[in-house]
Amino acid sequence: MKRAICPGSFDPLHLGHCSVIRRAARLFDEVVVAVSTNPHKTHRFTEQERIALVREVFADEPGVVVEPLESGLIADYAQRREAVALVKGLRNGADYDYELPMATMNRSLTGVETVFLPGEPSLLHVSSSLVMEVAALGGDVSSFVPPQVLHAIHTAECAARRSPDRWATTPRAAAARGAGSRGPAKATLDGNADGGVVVTENARCEAGRGAC
(Lines of atoms letter the chains of each structure in order from A and count residues from 1; the text may use other names and numbers.)
(Lines give C-alpha, C1' and ligand atoms only; values in the text may rest on other atoms or scores of the structure.)
Protein backbone atom coordinates (compact mmCIF):
# COMPACT_ATOMS: atom_id res chain seq x y z
CA MET A 1 0.00 0.00 0.00
CA LYS A 2 1.28 3.44 -0.92
CA ARG A 3 0.43 5.76 1.96
CA ALA A 4 0.92 9.53 2.06
CA ILE A 5 0.70 12.01 4.92
CA CYS A 6 -1.10 15.32 4.45
CA PRO A 7 -0.24 17.37 7.56
CA GLY A 8 -1.75 20.66 8.67
CA SER A 9 -3.56 22.47 11.44
CA PHE A 10 -6.78 22.79 9.39
CA ASP A 11 -7.98 25.62 11.59
CA PRO A 12 -10.41 25.46 9.94
CA LEU A 13 -10.47 23.09 6.97
CA HIS A 14 -11.25 25.00 3.76
CA LEU A 15 -11.90 24.02 0.15
CA GLY A 16 -8.27 24.49 -0.82
CA HIS A 17 -7.34 21.82 1.73
CA CYS A 18 -10.11 19.55 0.44
CA SER A 19 -8.87 19.85 -3.13
CA VAL A 20 -5.33 18.86 -2.17
CA ILE A 21 -6.50 15.93 -0.03
CA ARG A 22 -8.83 14.54 -2.70
CA ARG A 23 -6.25 14.87 -5.44
CA ALA A 24 -3.70 13.14 -3.22
CA ALA A 25 -6.21 10.34 -2.65
CA ARG A 26 -6.19 9.69 -6.40
CA LEU A 27 -2.40 9.34 -6.37
CA PHE A 28 -2.01 7.14 -3.28
CA ASP A 29 -3.83 4.14 -1.85
CA GLU A 30 -4.33 5.93 1.46
CA VAL A 31 -3.96 9.52 2.60
CA VAL A 32 -3.52 10.19 6.31
CA VAL A 33 -4.71 13.69 7.18
CA ALA A 34 -2.55 14.44 10.22
CA VAL A 35 -4.06 17.29 12.24
CA SER A 36 -1.36 19.23 14.06
CA THR A 37 -1.51 21.44 17.14
CA ASN A 38 1.09 24.13 17.76
CA PRO A 39 1.54 24.70 21.52
CA HIS A 40 2.84 28.21 20.79
CA LYS A 41 -0.22 29.21 18.78
CA THR A 42 -3.78 29.97 19.82
CA HIS A 43 -6.02 27.77 17.72
CA ARG A 44 -9.54 28.86 16.88
CA PHE A 45 -10.88 25.33 17.17
CA THR A 46 -9.60 22.64 19.49
CA GLU A 47 -7.72 19.65 18.13
CA GLN A 48 -10.72 17.41 18.82
CA GLU A 49 -13.04 19.79 16.98
CA ARG A 50 -10.74 20.04 13.97
CA ILE A 51 -10.31 16.28 13.75
CA ALA A 52 -14.08 15.78 14.02
CA LEU A 53 -14.74 18.30 11.25
CA VAL A 54 -12.22 16.76 8.85
CA ARG A 55 -13.61 13.29 9.55
CA GLU A 56 -17.14 14.50 8.92
CA VAL A 57 -16.21 16.09 5.60
CA PHE A 58 -14.39 12.96 4.38
CA ALA A 59 -16.72 10.41 5.99
CA ASP A 60 -17.68 8.88 2.63
CA GLU A 61 -14.13 8.66 1.29
CA PRO A 62 -12.54 5.44 2.62
CA GLY A 63 -9.10 6.28 1.25
CA VAL A 64 -8.81 9.21 3.64
CA VAL A 65 -7.85 8.60 7.28
CA VAL A 66 -7.85 11.41 9.85
CA GLU A 67 -5.80 11.36 13.03
CA PRO A 68 -3.87 13.71 15.32
CA LEU A 69 -0.28 14.39 14.36
CA GLU A 70 2.02 13.00 17.02
CA SER A 71 4.55 15.38 18.54
CA GLY A 72 8.05 15.30 17.14
CA LEU A 73 9.46 15.39 13.63
CA ILE A 74 7.05 14.92 10.76
CA ALA A 75 9.70 12.80 9.03
CA ASP A 76 9.77 10.39 11.98
CA TYR A 77 5.97 10.29 12.07
CA ALA A 78 5.85 9.46 8.36
CA GLN A 79 8.39 6.70 8.90
CA ARG A 80 6.35 5.20 11.74
CA ARG A 81 3.24 5.27 9.56
CA GLU A 82 5.21 3.69 6.70
CA ALA A 83 4.30 6.57 4.40
CA VAL A 84 6.14 7.02 1.13
CA ALA A 85 5.47 10.75 0.86
CA LEU A 86 4.29 13.94 2.47
CA VAL A 87 1.76 15.98 0.48
CA LYS A 88 1.75 19.77 0.58
CA GLY A 89 -0.42 22.22 -1.32
CA LEU A 90 1.15 25.31 -2.84
CA ARG A 91 -0.70 28.54 -3.54
CA ASN A 92 2.21 30.67 -4.70
CA GLY A 93 5.97 31.02 -4.87
CA ALA A 94 6.16 32.10 -1.25
CA ASP A 95 4.66 28.77 -0.20
CA TYR A 96 7.26 26.96 -2.29
CA ASP A 97 10.12 28.97 -0.80
CA TYR A 98 8.84 28.12 2.68
CA GLU A 99 8.21 24.41 2.03
CA LEU A 100 11.28 23.51 -0.03
CA PRO A 101 13.86 23.66 2.80
CA MET A 102 11.61 21.53 5.01
CA ALA A 103 11.08 19.03 2.20
CA THR A 104 14.83 18.79 1.70
CA MET A 105 15.45 18.35 5.42
CA ASN A 106 12.77 15.66 5.76
CA ARG A 107 14.25 13.70 2.88
CA SER A 108 17.72 13.93 4.41
CA LEU A 109 16.40 12.70 7.77
CA THR A 110 14.42 9.62 6.76
CA GLY A 111 14.28 9.58 2.97
CA VAL A 112 10.61 10.59 2.84
CA GLU A 113 9.73 12.55 -0.27
CA THR A 114 7.43 15.57 -0.44
CA VAL A 115 4.87 15.85 -3.22
CA PHE A 116 3.79 19.41 -4.01
CA LEU A 117 0.33 19.93 -5.48
CA PRO A 118 -0.49 23.36 -6.92
CA GLY A 119 -3.65 24.91 -5.57
CA GLU A 120 -6.81 25.28 -7.61
CA PRO A 121 -6.66 28.65 -9.40
CA SER A 122 -10.06 29.65 -8.03
CA LEU A 123 -8.92 29.01 -4.44
CA LEU A 124 -5.42 30.49 -4.39
CA HIS A 125 -6.61 33.41 -2.25
CA VAL A 126 -8.18 31.19 0.43
CA SER A 127 -6.44 30.57 3.75
CA SER A 128 -7.73 29.49 7.16
CA SER A 129 -6.78 32.79 8.79
CA LEU A 130 -8.47 34.83 6.05
CA VAL A 131 -11.61 32.70 6.25
CA MET A 132 -11.87 33.30 9.98
CA GLU A 133 -11.19 37.02 9.66
CA VAL A 134 -13.88 37.43 7.02
CA ALA A 135 -16.33 35.39 9.11
CA ALA A 136 -15.55 37.40 12.25
CA LEU A 137 -16.35 40.60 10.36
CA GLY A 138 -19.70 39.22 9.23
CA GLY A 139 -18.69 38.21 5.71
CA ASP A 140 -20.02 35.23 3.79
CA VAL A 141 -17.46 32.40 3.66
CA SER A 142 -19.79 29.73 2.27
CA SER A 143 -17.83 29.58 -1.00
CA PHE A 144 -14.56 28.91 0.84
CA VAL A 145 -15.38 26.07 3.25
CA PRO A 146 -17.40 22.81 3.27
CA PRO A 147 -20.95 23.05 4.69
CA GLN A 148 -19.94 21.21 7.86
CA VAL A 149 -17.21 23.75 8.56
CA LEU A 150 -19.52 26.65 7.74
CA HIS A 151 -21.96 25.39 10.35
CA ALA A 152 -19.16 25.11 12.92
CA ILE A 153 -18.01 28.66 12.17
CA HIS A 154 -21.55 30.02 12.52
CA THR A 155 -22.01 28.18 15.81
CA ALA A 156 -18.73 29.55 17.12
CA GLU A 157 -19.68 33.04 15.93
CA CYS A 158 -22.94 32.84 17.87
CA ALA A 159 -21.05 31.85 21.00
CA ALA A 160 -18.53 34.63 20.41
CA ARG A 161 -21.26 37.25 20.12
CA ARG A 162 -22.63 36.18 23.48
CA SER A 163 -19.22 36.06 25.11
CA PRO A 164 -16.48 37.63 22.92
CA ASP A 165 -13.68 36.49 25.23
CA ARG A 166 -14.33 32.89 24.23
CA TRP A 167 -13.15 33.20 20.66
CA ALA A 168 -9.82 34.48 19.41
CA THR A 169 -9.74 36.28 16.10
CA THR A 170 -7.18 38.38 14.30
CA PRO A 171 -6.49 41.81 15.88
CA ARG A 172 -8.32 43.63 13.09
CA ALA A 173 -11.37 41.42 13.43
CA ALA A 174 -11.36 41.68 17.22
CA ALA A 175 -11.07 45.46 17.05
CA ALA A 176 -13.90 45.68 14.54
CA ARG A 177 -16.09 43.67 16.88
CA GLY A 178 -15.29 45.92 19.80
CA ALA A 179 -13.10 43.33 21.49
CA GLY A 180 -9.69 44.66 20.51
CA SER A 181 -8.55 45.04 24.10
CA ARG A 182 -9.50 41.54 25.10
CA GLY A 183 -7.05 38.67 25.35
CA PRO A 184 -7.05 35.63 23.07
CA ALA A 185 -9.66 32.99 23.62
CA LYS A 186 -10.67 29.61 22.24
CA ALA A 187 -13.49 28.71 19.92
CA THR A 188 -16.30 26.46 21.10
CA LEU A 189 -18.79 24.46 19.09
CA ASP A 190 -21.40 23.75 21.75
CA GLY A 191 -23.20 27.06 21.28
CA ASN A 192 -23.53 27.53 25.04
CA ALA A 193 -22.36 30.81 26.51
CA ASP A 194 -22.78 32.85 29.62
CA GLY A 195 -23.34 36.58 29.85
CA GLY A 196 -25.78 38.90 28.14
CA VAL A 197 -26.44 39.31 24.46
CA VAL A 198 -26.69 42.58 22.59
CA VAL A 199 -30.11 42.51 21.00
CA THR A 200 -28.97 43.67 17.57
CA GLU A 201 -26.19 41.08 17.42
CA ASN A 202 -28.47 38.29 18.62
CA ALA A 203 -31.08 39.21 16.03
CA ARG A 204 -28.44 39.20 13.33
CA CYS A 205 -27.21 35.82 14.52
CA GLU A 206 -30.68 34.27 14.50
CA ALA A 207 -31.60 35.78 11.15
CA GLY A 208 -28.44 35.04 9.23
CA ARG A 209 -26.54 32.35 11.07
CA GLY A 210 -29.11 30.01 12.53
CA ALA A 211 -30.54 29.92 16.05
CA CYS A 212 -28.04 30.62 18.78
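Glycine residues also receive a Cβ, built from the backbone N, Cα and C atoms like all the rest.
According to TrEMBL, the protein carries these features:
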BINDING   S9, K41, I74, K88  substrate binding site
BINDING   S9, F10, H17, G89, L90, R91, E99, L123, L124, H125, V126, S127, S128, S129  ATP binding site
COMPBIAS  168-187  compositional bias 'Low complexity'
DOMAIN    5-133  domain 'Cytidyltransferase-like'
REGION    163-188  region 'Disordered'
SITE      H17  site 'Transition state stabilizer'
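Cα-Cα distance from E99 (ATP binding site) to K41 (substrate binding site): 19 Å (rounded to the nearest whole number). Reduced to three states, the DSSP call for H17 (ATP binding site) is helix. Summarising the ATP site geometry, the residues cited as binding it (S9, F10, H17, G89, L90, R91, E99, L123, L124, H125, V126, S127, S128, S129) extend over a maximum Cα to Cα distance of 19 Å. The two recorded residues, I74 (substrate binding site) and L90 (ATP binding site), show a Cα separation of 18 Å. Taking Cα separation as the measure, K88 (substrate binding site) is nearest to H17 of the binding-site residues H17, L124, V126, S128. For the recorded site, K88 (substrate binding site), the DSSP three-state label reads strand. In this view, I74 (substrate binding site) is surrounded by 22 other Cβ atoms within 10 Å of its Cβ, with every protein chain counted.
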